[in-house]
């Protein structure tokens with residue numbers, strides 16, 4: 001229930017409340033406040049004999065003497081979705097859902113509010129410093145989810161053996177991170193996740209990458225616009241083993257080297273040295289992670305290890321799927337989250353203007369961090385913000401005007417009821433209908449153009465006496481009379 005008092009309630013409170021109308025050229029506001037908060041000179045009681053708005057000077061004076069207007073902007077880093085933006089969001093989400101359907105994934109969802117413990121996994125992860133976390137009124141530590149995969153893992157554990165593997169699930173959900181904002185990076189965003197549980201082979205990653213490619217192709221983006229960098233966490237594991245670096249440093253090393261290309265080599269070296277990694281190992285790590293050729297990686301690590309063999313299998317499958325020109329090997333891709341265990345990938349714009357468009361990989365040992373038995377799994381997250389920026393840059397944003405099938409307009413006031421019955425009948429048949437009254441016909445025609453209406457149905461006395469209405473086809477400009485029982 002709304003916390004805003006009703007007009008009747010406010011009237012019952014007189015004379016304790018007075019009304020003021022504060023306006024700006026673009027946003028008029030009607031406010032109320034206890035009269036003792038404002039001197040009489042700063043208020044204008046609304047009545048039939050007084051102006052409904054204050055002048056700008058009077059509004060400024062009222063604000064200066066204690067009144068305040070609510071900040072109409074959403075919290076920093078968040079967004080409103082007025083109709084134009086909502087149409088774009090729905091269009092993008094429909095494409096997410098259609099690609100998921102094509103690959104035979106089922107949709108699931110989870111609460112935005114989760115237990116904090118679900119996201120506090122490994123010390124050193126950047127994400128743990130970006131949580132919107134707090135204690136609720138029951139003393140429980142909760143968080144606005146910063147990502148979706150742990151929620152998915154929780155649901156898989158909860159479902160247990162009641163579901164058969166493999167699971168192919170997707171979701172589109174809102175995520176929150178308190179982080180520095182850049183183009184395409186906000187503190188809240190929506191994310192499309194596709195995840196597979198119960199497939200241990202590289203086939204799982206190959207399927208996920210095809211989903212990403214299909215989405216790009218549906219949006220009009222091609223491989224000259226976007227590429228997908230591919231590597232494996234096992235590459236870094238092999239390098240650490242080469243230099244006898246303790247396994248307990250692996251996560252922290254991943255977090256640091258994930259910054260390659262974002263900060264200088266000197267800063268990377270300094271952070272690795274601070275962990276106790278030798279300068280020889282630091283140089284070796286950076287040298288290997290600078291490789292952009294799978295054959296060069298094979299020269300360093302050999303062909304027998306899992307890292308190389310799995311990557312070669314993925315590139316072979318990419319040829320079969322037909323998206324080999326989209327993917328490239330880049331050993332520097334490690335992804336910053338601790339739970340990745342194998343192949344990792346991220347999509348990028350080839351002009352290098354934007355941050356990663358999406359990212360994902362294999363996480364075979366995630367469930368055990370929550371006390372459950374591990375299941376082979378892989379997945380990706382694809383945010384809504386960066387892709388929209390890319391579509392803007394490429395001139396690929398669709399025109400998504402508001403569309404209405406019919407406008408019903410009674411030409412005479414006594415036909416309002418008749419117009420209502422006609423509008424109701426058409427709506428029951430599935431047509432979108434805007435019922436307009438108390439307007440001039442000229443305004444109705446302009447309104448029809450604004451909302452992209454297909455037909456204008458005029459309800460007039462002479463036609464109604466004949467049991468008909470006048471219908472104007474707004475695309476062809478044809479106009480004709482139609483019997484009421486034949487209108488559909």
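Note that Cβ sites are derived from N, Cα and C of the backbone, with glycine treated the same way.
Per TrEMBL, the listed range annotated as region 'Disordered' is 48-79 (candidates: 48-79, 80-111).
Long-range Cβ neighbours of residue 191 (L-histidine binding site) (same chain, at least 6 residues apart, Cβ-Cβ under 8 Å): 147, 148, 172, 173, 174, 175, 381, 382, 383, 384. Ranked by how many other Cβ atoms sit within 10 Å of their Cβ, the binding-site residues 147, 149, 335, 340 place 147 at the bottom.
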